[in-house]
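According to TrEMBL, the protein has these features:
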- 12-38: transmembrane segment (TRANSMEM)
- 44-65: transmembrane segment (TRANSMEM)
- 77-94: transmembrane segment (TRANSMEM)
- 106-127: transmembrane segment (TRANSMEM)
- 147-166: transmembrane segment (TRANSMEM)
- 172-191: transmembrane segment (TRANSMEM)
- 212-237: transmembrane segment (TRANSMEM)
- 218-399: domain 'Major facilitator superfamily (MFS) profile' (DOMAIN)
- 257-278: transmembrane segment (TRANSMEM)
- 285-302: transmembrane segment (TRANSMEM)
- 308-333: transmembrane segment (TRANSMEM)
- 345-366: transmembrane segment (TRANSMEM)
- 372-391: transmembrane segment (TRANSMEM)
Amino acid sequence: MKASFKVNIPPVFYLWVGQGISSIGSMVYNIALAWYVMKQTGSPLVMGTVLLVGMVPKIVLSIIAGIVGDKVSKKKFLIIVDLLRFTLTTAWGISLIGRTFNLVEVYIFTFSLSMVDAVFNPVYGALIPELIKKDNATWAASINQMVFRTATILAPSVAGFAIMLLNFSQFVLFNGITFLVGALFTSLLRINAKLIVKIKKSNLFSDLKNGLVYFWGHKLLFWSVFLITLANIAVVSYNVNLVNLIQNELQFSSSDYGVVLTFYSLGSFLGTMTLGVIKLKSRRGYVYIVSLLLGGLFYIWIPFIQGIIFLSLIFFFIGFVFAITSTISTAILFAVPSEEFRSRVLGIASISSLLSPLGFLIWGAIGSYVSSAAALCLAGGIILIVGFIGFRTPIRTYN
């Protein structure tokens with residue numbers, strides 16, 4: 001008699017594999033974009049405006065995507081969006097073959113791709129709870145974070161060395177292929193129809209109002225998102241100023257830049273994994289806040305670091321503590337909202353990034369007047385203030 005073995009793969013793993021691969025492509029592309037823009041312009045302010053253009057559409061479209069995501073098949077929605085991203089990216093990549101890019105088209109493409117990303121992210125986050133049991137929300141948040149932390153570990157090293165071998169158009173085309181892979185893996189999902197909540201027909205304004213009222217009424221949701229938003233004003237300073245710090249102030253190579261980002265990503269991965277292993281069941285609010293405080297302290301130390309080894313280590317610890325904050329925040333967003341409002345809550349949480357693009361612009365401007373090391377130190381002071389504010393909010397009681 002032949003023995004038959006059947007491996008039951010949880011549906012959510014197909015989603016994570018596909019989007020993990022897709023995120024590697026996006027991260028490699030974004031690192032290459034930052035390097036080439038800085039090399040061509042030498043301006044942190046220009047780099048900040050590129051990041052700003054990439055964030056603005058998310059402010060406008062995220063909550064609309066959340067409303068739509070509460071009404072349609074999330075699986076089909078994600079497949080369509082990934083195919084659209086594949087088409088958009090591949091078309092631009094082909095047009096770049098044999099020539100260099102100009103800033104105008106970088107702004108146009110960044111804005112266009114960001115519009116598509118904006119409608120993808122809230123629906124992706126809302127789909128995960130439909131693929132797991134409710135009491136596995138913290139586990140799912142941890143694994144979800146680990147998937148993307150793994151991508152951030154791999155992407156910087158790949159990008160750092162690939163920059164020396166590939167031209168910019170090849171990075172764009174690689175990004176497009178990974179979007180197609182994401183769509184293919186999402187198509188493998190099997191979703192239990194009983195888990196999908198049927199939403200009554202209503203108008204857009206009513207859906208928006210109800211979502212905002214629901215979000216405001218749940219203070220744990222509100223404060224978790226609000227504190228992360230304030231901290232992000234400061235945290236995004238590294239997106240703008242780290243490349244200038246390494247390239248111009250410390251005069252390190254692109255591979256060194258990749259090493260620092262890899263250490264940051266490795267710290268993020270281990271921070272997320274730590275929560276998954278320890279499985280905190282109490283005082284998670286305090287852990288959330290203390291991790292913010294530690295992150296602020298590590299930022300403040302950056303101006304005193306000169307060697308690549310110590311700079312890599314400091315970013316390892318920054319990644320570790322902020323991963324803890326992020327994972328706890330994600331677990332709250334998975335577990336607390338009802339299924340009827342989950343996409344809208346995640347859309348609102350995405351809109352909280354309103355201050356992030358302002359941070360790109362602010363830190364880009366600051367980096368043009370002071371050293372990038374000083375700008376990062378100032379960011380650390382802001383993070384510390386946010387952490388102390390957290391002790392005065394209801395999140396401190398979250399278990």
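The backbone N, Cα and C atoms fix where each Cβ goes, and this holds for glycine too.
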- Task: Go through the chain and flag residues at least 6 beyond the ends of the transmembrane segment (308-333) whose CB is under 8 A from any CB in it; none is fine as an answer.
- Result: 125, 137-138, 141-142, 144-145, 149, 220-221, 224-225, 228, 231, 235, 238, 246, 250, 252, 256, 259-272, 274-275, 284-285, 287-288, 291-292, 294-295, 298-299, 301-302, 345-346, 349, 398
- Query: When only pairs 6 or more apart in sequence are counted, do the transmembrane segment (12-38) and the transmembrane segment (172-191) reach 3 or more Cβ pairs under 8 Å?
  - Reply: yes
- Item | Interface check, the transmembrane segment (372-391) with the transmembrane segment (212-237), three or more C-beta pairs under 8 A | yes
- Message: Within this structure, do the transmembrane segment (212-237) and the transmembrane segment (285-302) have 3 or more Cβ pairs under 8 angstroms, counting pairs 6 or more apart in sequence?
- Response: yes
- Note on the structure: If one takes Cβ-Cβ under 8 Å and requires six or more residues beyond its ends, the residues near the transmembrane segment (257-278) are 31, 35, 138-139, 142-143, 145-146, 149-150, 152-161, 242-243, 246-247, 308, 311-313, 315-324, 326-328
- Task: Give residue numbers and ranges for long-range contacts of the transmembrane segment (172-191): same chain, 6 or more residues beyond its ends, CB-CB under 8 A.
- Result: 11, 14-15, 17-19, 21-26, 28-29, 75, 78-79, 82-83, 85-86, 88-90, 92-94, 96, 130-131
